[in-house]
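This report concerns only the one structure given below.
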Amino acid sequence: MAIPRISPRKTLPLFAALALALAWAFAAPAFADGDDVVALTESTFEKEVGQDRGALVEFYAPWCGHCKKLAPEYEKLGASFKKAKSVFIAKVDCDEHKSVCSKYGVSGYPTIQWFPKGSLEPKKYEGQRSAEALAEFVNTEGGTNVKLATIPSSVVVLGPDNFDSIVLDENKDILVEFYAPWCGHCKHLAPIYEKLASVYKLDDGVVIANLDADKHKDLAEKYGVSGYPTLKFFPKGNKAGEDYDGGRELDDFVKFINEKCGTSRDTKGQLTSEAGRIASLDALAKEFLGAANDKRKEILSNMEEEVVKLSGSAAKHGKVYIAIAKKILDKGHDYTKKETERLERMLEKSISPSKADEFIIKKNVLSTFSS
């Protein structure tokens with residue numbers, strides 16, 4: 001049978017398109033997980049900076065308190081300039097990439113420097129560490145006219161009309177900040193609290209809320225608020241509320257919420273390796289793994305009985321165990337390896353946060369059937 005010939009005229013555009021796609025893939029800056037700021041390394045710094053765009057670079061350390069305070073402002077800046085063609089917003093972790101920071105004279109954190117287009121000679125930024133001031137600086141130095149992006153808040157705003165319906169909901173765990181607009185400590189907490197709300201925005205059973213206690217004094221007095229900010233936790237089983245006396249860094253809040261609400265998030269809002277796991281079903285999965293096929297059917301039946309006892313998100317996650325066990329019975333144990341690899345490929349793609357949650361939970365449960 002004759003093999004059909006492909007015209008060079010048809011293949012050339014295909015090769016050109018492929019080459020363009022590859023060039024874009026290799027040229028595209030590496031954005032840090034969970035934000036809109038380009039994460040630079042020792043190997044990528046001079047490939048990105050000093051080229052055909054101006055760059056604002058923050059040199060930071062993960063443990064630095066001033067860097068943590070700057071983070072939400074800098075991320076807001078990054079989101080605003082993400083689509084700008086002539087400038088970009090970047091950062092370097094100086095704990096991980098010491099040689100870069102040393103080369104550019106960084107001796108304290110955070111250090112913010114402007115690198116003009118085509119130059120590796122920086123200009124140190126000495127202004128205020130707010131998104132507004134930084135944007136004005138970048139627009140002046142880079143010749144741009146970018147407006148700051150409006151980032152929708154994930155904090156639920158409470159008042160007399162909705163306080164009881166939200167806070168006293170027996171199906172939800174609520175953290176409430178009672179604040180005053182003029183309070184300095186409240187202003188310091190605000191970006192951290194906003195970040196916390198963003199971390200749990202996909203968890204229906206968790207609500208991060210605040211109340212202007214200066215404006216709504218009756219509600220503040222009802223719950224014994226005498227100073228600002230006061231944080232109170234209203235869990236499903238205690239709608240009288242309990243004082244939150246922990247630390248006020250994002251790590252502290254995330255640890256508290258995970259422990260109290262049974263969630264499994266990190267500070268970037270991503271699910272951890274424990275998300276979706278249920279101890280009683282993990283034990284049955286291990287038993288299932290080591291059993292012969294006939295015995296596996298009996299264990300599957302035990303799993304189904306266990307899942308019936310669960311409620312809320314645990315019941316939903318329990319169904320994942322059942323589905324995986326049935327797939328293994330139908331397709332053999334290779335299913336776990338192939339499905340895990342498929343999920344890992346999907347997680348590398350651009351997918352919605354809710355879909356990423358779904359895939360991570362399934363991947364976590366699969367791990368109990370494969371170890």
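Backbone N, Cα and C define each Cβ position, glycine as well.
Keep in mind the model is a prediction, meaning the values are calculated, not measured.
Annotated active site, nucleophile per Swiss-Prot: C64, C67, C183, C186, in sequence order, evidence recorded as similarity to another entry. Per Swiss-Prot, the feature disulfide bond maps to C64-C67, C183-C186; the stated evidence is sequence analysis. Marked as domain 'Thioredoxin 1' by Swiss-Prot: 28-143. What Swiss-Prot records for 147-262 is domain 'Thioredoxin 2'. Look at Swiss-Prot and you will find 1-27 tagged as signal peptide, backed by sequence analysis. Taken from Swiss-Prot, the feature site 'Contributes to redox potential value' covers G65, H66, G184, H185. The site 'Lowers pKa of C-terminal Cys of first active site' annotation in Swiss-Prot covers R129 and is backed by similarity to another entry. The site 'Lowers pKa of C-terminal Cys of second active site' annotation in Swiss-Prot covers R248 and rests on similarity to another entry.
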Structural state of R129 (site 'Lowers pKa of C-terminal Cys of first active site'), classified by DSSP into three states: coil
Among C67, C183, C186, the one of these active-site residues whose Cβ has the fewest neighbouring Cβ atoms within 10 Å: C183
Secondary structure content of the domain 'Thioredoxin 1' (28-143), with strand meaning DSSP E or B: 39 helix, 25 strand, 52 coil
Spatial neighbour of R129 (site 'Lowers pKa of C-terminal Cys of first active site') that is closest, considering only the active-site residues C64, C67, C183, C186 and their CA atoms: C67
Helix, strand and coil totals (DSSP H, G, I; E, B; other) for the domain 'Thioredoxin 2' (147-262): 39 helix, 24 strand, 53 coil
Rounded distance in angstrom between the Cα atoms of C64 (active site, nucleophile) and C186 (active site, nucleophile): 20
Length of the line joining the Cα atoms of H66 (site 'Contributes to redox potential value') and H185 (site 'Contributes to redox potential value'), in Å: 15
Neighbouring C-beta atoms (10 Å sphere around the C-beta of R129 (site 'Lowers pKa of C-terminal Cys of first active site')): 16
Cα distance (Å, whole number) from C183 (active site, nucleophile) to R248 (site 'Lowers pKa of C-terminal Cys of second active site'): 15
